[in-house]
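As annotated by TrEMBL, FMN binding site applies to Arg82, Lys83, Gln105, Gln140, Ser141, Trp181, Arg191. Sequence annotations record features per position, and here TrEMBL assigns domain 'Pyridoxamine 5'-phosphate oxidase N-terminal' to 36-155. Taken from TrEMBL, the feature domain 'Pyridoxine 5'-phosphate oxidase dimerisation C-terminal' covers 171-208.
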Amino acid sequence: MKRLESLTGITDLPFPQYDAPPVVPYEILHNWMQLAHHENVREPDAWTLATRSDAGMISMRTIFPVRMNGEDLWCATHLGSRKSLDMCANKAVSCHIYWRELGRQVSLTGNAKLLSDDIADQIWHSRASAYDPVSVASHQSEPLNDLTTLQAKIAGMGCGKLERPKRFVVWGLAFDTYEFWSASSSRIHKRLLYTRNELGWKHERLQP
């Protein structure tokens, strides 16, 4: 079959879990994430996070989680950022990642929870100090009236570790659905959906 221009990465990667799904989806996600790193996929940890405001407006952004263990995802941000305001108003979230080079993508849906100050402190102190000045000086998502003043404020903060501003928070995202998509040269792409229920996890294959 002639290769279609819409798929520029690898197709037909082995996907043994499609035929023999494990009880929980985490094993597949771990496997795929490890392969993305091993194959030097560009920005293998760049997830798209979708949130919804109390007015129903959906917004999306690319994030790099401070933790992603398969079962949950932690996202660091400011309490006044658009994503934080959205998640305060509406806990429903969706995350998506596409590894073009591997012809694979994963879609997750679930709910967000604001984590404790202790966790925010832990994440803050685990980060390189080079990240601190912008996080301290900026009020994420608020209007920028004077770029020069902000730049000068950041430049004057030095190179040492700074104190965590109270507005720096960490959200924990827990997921109820996992969909794994693997490209096929036949266009019969493999889709495997996990849905959480009261007994654990249900899995089913979806048509391409």
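Cβ coordinates come from backbone N, Cα and C, glycine included.
What TrEMBL says about a protein is an automatic prediction, not a curated fact.
Same-chain residues at least 6 positions away in sequence with a Cβ under 8 Å from that of Trp181 (FMN binding site) are, in sequence order, Arg104, Gln105, Val106, Ser107, His189, Lys190, Arg191. The domain 'Pyridoxine 5'-phosphate oxidase dimerisation C-terminal' (171-208) scores a mean pLDDT of 97 in the predicted structure. In the three-state DSSP scheme, Gln140 (FMN binding site) falls into the coil class. Non-local neighbourhood of Ser141 (FMN binding site): His78, Gly80, Ser81, Arg82, Leu85, each in the same chain, at least six residues away, with C-beta under 8 Å from its C-beta.
Per DSSP, the secondary structure of the domain 'Pyridoxine 5'-phosphate oxidase dimerisation C-terminal' (171-208) breaks down as 0 helix, 27 strand, 11 coil.
Residue annotation for FMN gives Arg82, Lys83, Gln105, Gln140, Ser141, Trp181, Arg191. The furthest Cα pair among them is separated by 37 Å. Each residue in the domain 'Pyridoxamine 5'-phosphate oxidase N-terminal' (36-155) gets a DSSP state, and the totals come to 42 helix, 40 strand, 38 coil.
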